[in-house]
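Found this in Swiss-Prot, in case it helps:
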- 26-106: disulfide bond (DISULFID)
- 28-44: disulfide bond (DISULFID)
- 43-86: disulfide bond (DISULFID)
- 50-79: disulfide bond (DISULFID)
- 66-77: disulfide bond (DISULFID)
- 96-108: region 'Important for membrane-damaging activities in eukaryotes and bacteria' (REGION)
- 96: site 'Important residue of the cationic membrane-docking site (MDoS)' (SITE)
- 99: site 'Important residue of the cationic membrane-docking site (MDoS)' (SITE)
- 102: site 'Hydrophobic membrane-disruption site (MDiS)' (SITE)
- 103: site 'Cationic membrane-docking site (MDoS)' (SITE)
- 105: site 'Hydrophobic membrane-disruption site (MDiS)' (SITE)
- 108: site 'Cationic membrane-docking site (MDoS)' (SITE)
């Protein structure tokens, strides 16, 4: 869910997820669409399948561990984990000018 995703992003990047990524670029946030503005925005672009059910995870030794017996929920958790790690790995591309990018200007 968005709650777990937000926690993962905070843990991986140290950034406030809503403030830093809630409207970042063309693809981060609820109305995300269009060509990614940079590598950070591309992380959100590939993360379009993860919003459905709530799942649980733990934070052990600075690593996200998805611990579900339900394979569907584990897959959702792994998807959120992947975007959180992608955002951390691309912190160097984070550009404040895209923080509140207007989605209508994004091209499909």
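Glycine is no exception: its Cβ is also placed from the backbone N, Cα and C atoms.
Mind running through what each feature is packed against?
Counting Cβ atoms from all protein chains shown, residue 106 (disulfide bond) has 18 others lying within 10 Å of its own Cβ.
In the three-state DSSP scheme, residue 44 (disulfide bond) is classed as helix. Around residue 44 (disulfide bond), the C-beta neighbours below 8 angstroms that are at least 6 residues distant in the chain are 21, 24, 25, 27, 28, 29, 32, 36, 83.
Taking all protein chains in view, 18 other C-beta atoms sit within 10 angstroms of the C-beta of residue 86 (disulfide bond). In this structure, residue 86 (disulfide bond) is part of a helix by DSSP.
Neighbour density for residue 79 (disulfide bond): within 10 A of its CB lie 18 other CB atoms from the protein chains shown.
Residue counts for the region 'Important for membrane-damaging activities in eukaryotes and bacteria' (96-108) under DSSP, split into helix (H, G, I), strand (E, B) and coil, are 6 helix, 0 strand, 7 coil.
Of all the Cβ atoms in the protein chains shown, 8 others lie within 10 Å of the Cβ of residue 96 (site 'Important residue of the cationic membrane-docking site (MDoS)').
A simple way to gauge crowding: the CB of residue 99 (site 'Important residue of the cationic membrane-docking site (MDoS)') has 15 other CB atoms within 10 angstroms, across all the protein chains here.
Every protein chain considered, the tally of other Cβ atoms within 10 Å of the Cβ of residue 102 (site 'Hydrophobic membrane-disruption site (MDiS)') stands at 8.
A C-beta separation below 8 Å, combined with a sequence spacing of at least six in one chain, links residue 105 (site 'Hydrophobic membrane-disruption site (MDiS)') to none of the other residues.
Counting every protein chain shown, the Cβ of residue 108 (site 'Cationic membrane-docking site (MDoS)') has 6 other Cβ atoms within 10 Å.
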Going by DSSP, is residue 26 (disulfide bond) part of a helix, a strand, or coil?
coil
Compute the C-alpha separation of residue 103 (site 'Cationic membrane-docking site (MDoS)') from residue 43 (disulfide bond), stating it in Å without decimals.
16
